[in-house]
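A short write-up of the structure that comes next.
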């Protein structure tokens, strides 16, 4: 898996550029649509400074060459007001036509702001409920084979082993819902820009094989929060890593990535990098 960031200073890489596949990327998560305060989603040239988007024909060309195309929603700068169901509904009503027009195969949830847990695992907060509302709203209007992936930061997932509430573990009930019902294609948890947590509140340094293994094993074993087990098996894990040191904290050299990957003897679904643009700019 891979992220295709739209950061203009790094240079534009056409979605159908043959080098993407030549370097091993078979999934492209196009990031990110602009979200207006009322929830309206924008996916167009100039939606952000100097940004271009692939045309529907270019998307089909990339897909014909073997790429799976996913739209990544959120990121550090594209927040959505999760306190409002009307904003959630507006987002769904404007993003679904875009997903259909541009021939996307799935959607990746990478919302990094505004999501907060209630403190009681069995009770969703308003923000969690509205994120579920968005996901369900999208899936209901797309084909049954339309994909769902998620790319949360560690605090929102394994951070729940430290405490459950606020951002800590806030993705866990959402991950559980879609992992258990079979709609989650895979989890792209970000193994960077933060501490790496095990299942017992233990913490590891980002960018290390030890931290990689601790988190990956924790998710496969199952994280227990207030008596509820949330499990993401190895074959639904696609750990996210920085493509180079400038892309984020916790960069792992290719040799370290190889050690971590080989530890699992091919049982992991794959690896994600942030991002194709960062990779191509090196």
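Along the chain as shown, the residues are counted starting at 1.
Using N, Cα and C of the backbone, Cβ positions are placed for all residues, glycine too.
Every protein chain considered, the tally of other Cβ atoms within 10 Å of the Cβ of residue 112 (active site, proton donor) stands at 19. Mapped onto three states, the DSSP output places residue 112 (active site, proton donor) in coil. Look at Swiss-Prot and you will find 112 tagged as active site, proton donor, backed by sequence analysis.
Summarising the annotation, Swiss-Prot assigns domain 'GH18' to 1-282 and lists sequence analysis as the type of evidence.
Per Swiss-Prot, the feature N-linked glycosylation site maps to 265; the stated evidence is sequence analysis. In this view, residue 265 (N-linked glycosylation site) is surrounded by 8 other Cβ atoms within 10 Å of its Cβ, with every protein chain counted.
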Distance, residue 112 (active site, proton donor) to residue 265 (N-linked glycosylation site) (CA atoms, angstrom): 32
